[in-house]
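Over in TrEMBL, the protein carries these features:
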- 58-134: domain 'P-type ATPase N-terminal' (DOMAIN)
- 128-150: transmembrane segment (TRANSMEM)
- 337-361: transmembrane segment (TRANSMEM)
- 381-406: transmembrane segment (TRANSMEM)
- 452: active site, 4-aspartylphosphate intermediate (ACT_SITE)
- 452, 453, 454, 537, 578, 601, 634, 714, 715, 716, 823, 829, 852, 853: ATP binding site (BINDING)
- 875-1129: domain 'P-type ATPase C-terminal' (DOMAIN)
- 906-927: transmembrane segment (TRANSMEM)
- 939-959: transmembrane segment (TRANSMEM)
- 989-1013: transmembrane segment (TRANSMEM)
- 1025-1044: transmembrane segment (TRANSMEM)
- 1051-1070: transmembrane segment (TRANSMEM)
- 1076-1093: transmembrane segment (TRANSMEM)
- 1100-1122: transmembrane segment (TRANSMEM)
- 1181-1205: region 'Disordered' (REGION)
- 1196-1205: compositional bias 'Basic and acidic residues' (COMPBIAS)
């Protein structure tokens, strides 16, 4: 769907024919304007061809007509209009068991063990009892199922908690539903449907995309806070159509409202809406100014009525959310491939042993009379049965408990994040929250961070920091009753100048700030509440207020301020509003003494061009502006001009003509404004800080030291984004900044070179790409959303060329230390993240705080939500959430790194202990005729992974740390092994495999050699099968538990208890199941009666166990010693000097913290300190927010209130 951009010429959209194209259908607006006093809701004459989306007011059956049905499956159809319910949970009472089991058996390992269980029921191939597989499988499925259920309940309860305040809404009933009365009924959000008329009250969240019909404010004006959509906390205003404002005030009128809305289909464009309303035979145009979007909040409007156009998944905020992607860590993917490798190894080993049995039976087994089993089976068939027998016997090579152990570790690590008090934000009582338990170790592998700006890096709070007046700069006492207590600007000399009243320039400076603006004011609880079109403008008016020039009220043509306790009212003759081309705004006022003066404020680049030659203090002000810019403050120049009555009258006539121009009205107004805004006299300049969150520069610097690259993706304009880049130390003075033009040139050169050298780009002959920035030094990239659109367009126009262009762009950007993308849409944010993931195969993290960040949060490998001022949409879609950007440092460098190290150590050890355990069967098969007989007792096989070896390794996965948190933050280079994937990969896997093979050889052959031709103390040979099984099992338990002790870096009482406790549990259970009492009860299940007590009373066997364990561990001890002595890692070096570094940290903490970063830039100019959208000038000048009209009462008796300005 495509629409022409009318934002740059709003007035012409109402004066000219407007042709639009949507989904292959065309329609044309023809607007007729009558007379000079044109309202934007003037009645149009419209020639209209059908649009795709139709909504009938107060008529639910209409939306279920056959023409509005869509096919779901085969012949099943449902309405194309979504309901307003949004499902956040996965299971219900009926679906939990089957759906959860289905999901769990999609894991190959679980399905494999289910097949094994079935095979073990078949007598001919059952080498192990069925319970050896059933018990571990039930435990694994049960633990995982309980965890999934708890996660789903937490997700559901969290959603309901966040929605507690907006459960009850009032929805106009359809007049055909009830015979008596036409009243509003309370309903939940989920019951709302397209076509319903809704009533919303002040501070309510808007539940769907709603067409504003009327409100309690004059002319159906409605103020909304759009923080959930665009991250801006300043208020926007919406307007109802005049016809609905006049005719839809009481409940009877609303219940009888039967208009037909025809508009564009649901889409993700937050800045556009096009449609028409057919009501009582006439059509009225609709645009975004008439729409209240889901997620916004009603402000300063007691009651609003609207018609639901899009609901649920069709709303713009949900369309911008992107698809919910199933996220998996790199370790997960690697682990699955390794499990597949083990499957292949298992099949090969089982096949080899089965072939061995075939030949053995042919040569020996069939000829030995004492081996005859009465079965007439040839050697090939017996070999086939042995293949399945070995699949069962060696099944523990595939660790069934691996996945549930990983889930338990991840759950514990998530709890540690939740419990971390150093990530708790006291001011808002907000702890850190791990909203997923499956991605913790991925936090230790992040290579790229994509961050929003407003509300993420900054507080979205503007503070008046410095100013220069008449060539004198003032830096930073609250002394009047109207002062804002949060205002932080202290300069006693400036205060004395104001109090004395002797310095006219100072008085004019603050008078201008209190008069030249479009701020609305509300008197509340004996105080003043300002509603500004931008935080910048609000900061300037607040500054004037705190210095004694208090903006009190305004009407359509007057503005009242209090100057040093004296109230004065000025007549407003004209208000020349800001736009992105003018970069300034002006107001023409008539003073009480009859003088006419123009006040103007704007960017220095446009103000200096319009200054009078007689204007003073240009050079000193310019110097001050440079100083302010070096401090990354947002600057604004203030000036004035006295106008004679004759000059104003002449200009006023031109102004009126431009206001009623039938074409190019904005251009005509700009020309008229240009005439009056000349020969200005400079007063001074302001400097505003877009206040960063605490610790942002330090966090970015620390993450950069960890080789993590940070990209800022923001909807703000380039100057603002660049300014914040310097403020937060993302950009530094030693960086070479490259803009879109530079990028285009370099990409064109690369593309041209590729065309000239086609042979080098053939498959398999691609030469290494040359660097885009061969010069030494740091580079940074600043591009716009428009540039990204062109690049994507190139991809669609030329698929191959566009793809190579994207690859070149990603390569260039990744060579830079910092990248800033400004003026990007939510969808573009997600696309940028996708590009890096696609072409760099890098682990990415996105962090944001608004609904406009949801797409990139879902797209990235890790999504982090900031629970700040912009609502909860980002948090609800995130994997991790906290209140301040600075906590990201601890999340990655401490929790992420620890989680990665713990998980890698756990997996390496887990594979080792299972190989060491299982491959003993393999060696035993050479001495048992390849008969698939197992080397251990059945119950030992069942309990090995559940009880005997699980707890120590679980605790290492939960608690181990190479260095403490403070040293982790002090040495960010410790993070690098995670980015490189150095601690767990196929190399580590094969090392674990060969380590397991070695230990299994030792555990089998040393007891085998010790048992060979041996006599015990009692004269009996201890070389029976049961004694051998006990010695090998005991050696294995000692070896694997002492091995994990060697791997443990951080010892606690719990770790020590787990190692000793696991060994004690082994012996305790073994003596119990080998006792005569349990054999009497279950004679066929417990067959090793008295074996343990008989074998372990022999000192010779204890010596054998000690020798086996010693030989198994000795190589590991030697290798670890050599590795840490000769090839120490960064972590090893820090561990060696741990006490020294800890003392240094203590000394640093005792010292006072150094001042904040000193930032400097020789020629950087701050952004123009206004919102980049239009202000309230049209609204103020027209008086639509001020005029009082008779307000009929609603049925509940609530009187309408109008805003007092």
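Just so it is clear, glycine is given a Cβ too, placed from its N, Cα and C backbone atoms.
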- Message: When you look at the transmembrane segment (337-361) alongside the transmembrane segment (1076-1093), do they share 3+ Cβ pairs under 8 Å, ignoring any pair fewer than 6 residues apart in sequence?
- Response: no
- Item | Composition by DSSP (helix, strand, coil) of residues within the domain 'P-type ATPase N-terminal' (58-134) | 34 helix, 9 strand, 34 coil
- Task: May I ask for the residues of the chain that lie six or more residues beyond the transmembrane segment (1051-1070) and have a Cβ under 8 Å from a Cβ within it?
- Result: 939-940, 943, 947-952, 954-956, 959, 1030, 1033-1034, 1037-1038, 1041-1042, 1044-1045, 1092
- Least surrounded among the binding-site residues, given as 634, 823, when other CB atoms within 10 Å are counted: 823
- Recorded ATP site residues 452, 453, 454, 537, 578, 601, 634, 714, 715, 716, 823, 829, 852, 853, farthest C-alpha pair in Å: 33
- Message: Quick check for me: are there 3+ Cβ pairs below 8 Å between the transmembrane segment (381-406) and the transmembrane segment (128-150), leaving out pairs under 6 residues apart?
- Response: yes
- Which whole-number value in Å describes the distance between the Cα atoms of the residue listed as 'active site, 4-aspartylphosphate intermediate' and residue 715 (ATP binding site)? 9
- Taking the transmembrane segment (1025-1044) as the first stretch and the transmembrane segment (128-150) as the second, find out whether 3 or more Cβ pairs fall under 8 Å, excluding pairs closer than 6 in sequence. no
- Message: Using a Cβ cut-off under 8 Å, which residues of the same chain at least 6 positions beyond either end of the transmembrane segment (337-361) come close to it?
- Response: 108-109, 112, 379-380, 382-384, 386-388, 390-391, 394-395, 397-398, 402, 911, 922, 925, 929-932, 986, 989
- Query: How many other Cβ atoms are found within 10 Å of the Cβ atom of residue 715 (ATP binding site), counting all protein chains shown?
  - Reply: 26
- For the domain 'P-type ATPase C-terminal' (875-1129), what's the model's average pLDDT? 89
